[in-house]
């Protein structure tokens, strides 16, 4: 305790007072501390680094790819991996290494875009439905149920049938399919947080609904949403593959991991590398998203944060 | 001290009880607060006692409109709380703070102590600028006996007593006139209870606060309060100066309640006569007709099932009790029409 004069001696601090060093420790900005803690989780750190690499590859794809995506070389058809073609070549003699690099941009863009659409719209709907309840909840969630009732692929096909194929519309279609998932996850989480005493406490000092939602309800309801986001990124990449396989997503000859996987399926018994490398790319990306999502969820929780920081100090 | 700051007249908070199943209609009504009359004067501390489930907390919440009242009137400093618009309600909530029961649940785990205590300042734009707000937060923390340096810490790093101090600092940040302490010491260790109790008393004197201290702890209430209000099944059944209510209760329920308090004196404790009530508290969704205490009252007589007793002067000056033993006043129970006022005493 500092020696500030008080009208009456401050009641003696309880036992745990001693455990709290009275130094200010908010010197480092919040996000730097978050990054620092994230780096302590090996799985999250490696995943983050790998994802950064994948994103960089996707951004600088044209510069990195040894050949163009659609350069056909008839005499090099179905070559196994070699020094010249690290990932081998496909049935038209196209370099799979180059196509995997160029496909990263397509797959990631669709994945991010789709999840962004689902996250923003779905979470907003779930937030409002969960917080206000009553008829707002009834109306919004019944609409979500209607969306949910359609089989995912059928709904995506319907959207693409209306809007026409292409990677932008694929992202939109996948995003729409995932809106009810985010709405449900968010609503369930909000329903729990809404009844917390600290929300009522905040209301008791005059906070507006907007303030309650943005400062208290959303941050405390976020962990399941973060996990859902990382899982959905993975599923969106796979869904793009499925739609491309059906001929509705990325249009050949443009490369996307899903489309390459689908095209390679026919050659799986004579040329495994056609499907293997794009498959590995999807697998690694999805795994990294999940591990990073888990790490992020832990780091964003102040209670976990203290445990982690305490363990290292 | 005759200046009334907060007043409730015939206040009702009824909750619909949903029947299980798809249909949301049907089911009964839970009368958590059922016709409460209570005046709280400026600068005084009113202790509100009663057993669990009698509607004490609901009443406290309703006074700040944290639970919407379904009937009756609440006035705060002369203005009708039930009719306030958004802006009026916000200002009212600045002038009336609340300290909650569970200090582990009432602080947002994701916000630092500084963020929590500064919330009223931000909401009501009381201090402009980051630095001035931080200074005010430090001031408030000191006021409740915490080191201002803990401002950047998270609630989970504190003990229950310290958290409750943070909760009190938040409630005081808006410079309120009125503070509702809803079982504010109930979930603390006994040793810490006394500290928080003394803190509340000190703050009350220092800041000239008007306090509604809700508790089931009769000794704490007697220690802190100027006046005591006793609640039973959603109604204030006795109210009066703390000393006289505690020493000479006029309502049989209060007598029974007080007889349950142990006396810290061996000889007197042995001589203490306990009044043990029959049966359980009736469900607040099936309140008995007439006097709601008649199902357990040892003195029950003819008018009790037929006339709902109103608060009337009884015992010492300023003491009111809702009991027919002091004269039959109240609202007769009619078979069909529940309304039908005959005599209503001035309280």
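Any Cβ shown, glycine's included, is placed from N, Cα and C.
These numbers come from a predicted model, not from an experiment.
Here TrEMBL flags A:1-25 as region 'Disordered'.
Residues or ranges marked as compositional bias 'Pro residues' in TrEMBL: A:1-12.
Residues or ranges marked as transmembrane segment in TrEMBL: A:38-60 (among others).
The domain 'ABC transmembrane type-1' annotation in TrEMBL covers A:104-293.
The transmembrane segment annotation in TrEMBL covers A:110-131 (among others). If one looks beyond the transmembrane segment (A:110-131) by at least 6 residues along the same chain, the residues whose Cβ comes under 8 Å of a Cβ in the stretch are 137, 140-141, 144, 167-168, 170-191, 194, 209, 212-213, 217-218, 221, 225, 229, 232-233, 236-237, 239-240, 249-250, 256, 285.
Under the heading transmembrane segment, TrEMBL lists A:143-162 (among others).
Summarising the annotation, TrEMBL assigns transmembrane segment to A:168-185 (among others).
Look at TrEMBL and you will find A:225-250 (among others) tagged as transmembrane segment.
Taken from TrEMBL, the feature transmembrane segment covers A:270-293 (among others).
Within the same chain, the transmembrane segment (A:143-162) packs against the transmembrane segment (A:225-250): three or more Cβ pairs sit under 8 Å, each pair at least 6 residues apart. The stretch with the most CB contacts under 8 Å to the transmembrane segment (A:38-60), chosen from A:168-185, A:225-250, A:270-293, is A:270-293. Same-chain neighbours of the transmembrane segment (A:168-185): 109-111, 113-119, 121-123, 125-126, 129, 140-141, 144-145, 147-148, 152, 155-157, 159-160, 224-225, 228, 232, 235-236, 239-240, 243-244, 248-250, counting only residues six or more beyond its ends whose CB sits under 8 Å from a CB of the stretch.
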